Amino acid sequence: MPADDCPPPGIALPWADGTFPPVHAAQRATVYDALMGMALHEASHALASDDVPVGALVVSPQGTLLGVGRNRREEGGDPTAHAEILAIRQAARTLGTWRLEGCTLVVTLEPCAMCAGAIVLARVARLVLGAWDPKAGATGSMWDVVRDRRSTHRVEVVGGVRQDECGTLIRDFFETQRGPA
Ligand SMILES: [Zn+2]
């Protein structure tokens, strides 16, 4: 059986038609919005453990879902348990390789320096992010680890997808943490 007849690994998504992301800009925007909705949903689960609500997922070049993650730093007492790291690890397990070539990582908040490094190491092709993080973001704000000219692997960055919703989720979380004024 030719390899082309094998279904691609991961979970098929409704809009997957063999290529990802869609070629047409309008269709691409619609799909990014839908994926960010899934990442937002995943982020909301972090609230149960008082974790900063950040959600991430990895999509294959065929448009299948390879991995999902949310921030579990408090839940696991693990400083490295960021949404992106957990989504990347699950995607690598799904594919059976650490190389996530051609893959897209979708995340509700601009990645930190650790996660930006992991995105480069995993050879992720594209980063779709929700809210920018001017204080600690490492993919365009404070630093730009994923598009550094000195690096041999660079990542396409699509920013500001559903950024109001992504930003509000985080702001509401910190306001609740501080308690009523
Ligand atoms: Zn991070």
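Indices start at 1 and increase along the chain as displayed.
Using the three backbone atoms N, Cα and C, a Cβ is placed for every residue, glycine included.
Under the heading active site, proton donor, TrEMBL lists Glu84. As annotated by TrEMBL, Zn(2+) binding site applies to His82, Cys112, Cys115. The domain 'CMP/dCMP-type deaminase' annotation in TrEMBL covers 30-142.
Features per TrEMBL, on structure.
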{"residue": "His82", "record": "Zn(2+) binding site", "Cβ neighbours (10 Å)": "26"}
{"residue": "Glu84", "record": "active site, proton donor", "Cβ neighbours (10 Å)": "30"}
{"residue": "Cys112", "record": "Zn(2+) binding site", "Cβ neighbours (10 Å)": "22"}
{"residue": "Cys115", "record": "Zn(2+) binding site", "Cβ neighbours (10 Å)": "27"}
Other than His82, Cys112, Cys115, the chain contributes near Zn(2+) (Cβ within 8 Å of their centroid) the residues Ala83, Glu84, Ile85, Pro111, Ala113, Met114, Ala116, Ala118, Ala138
In this predicted model, the domain 'CMP/dCMP-type deaminase' (30-142) has a mean pLDDT of 97
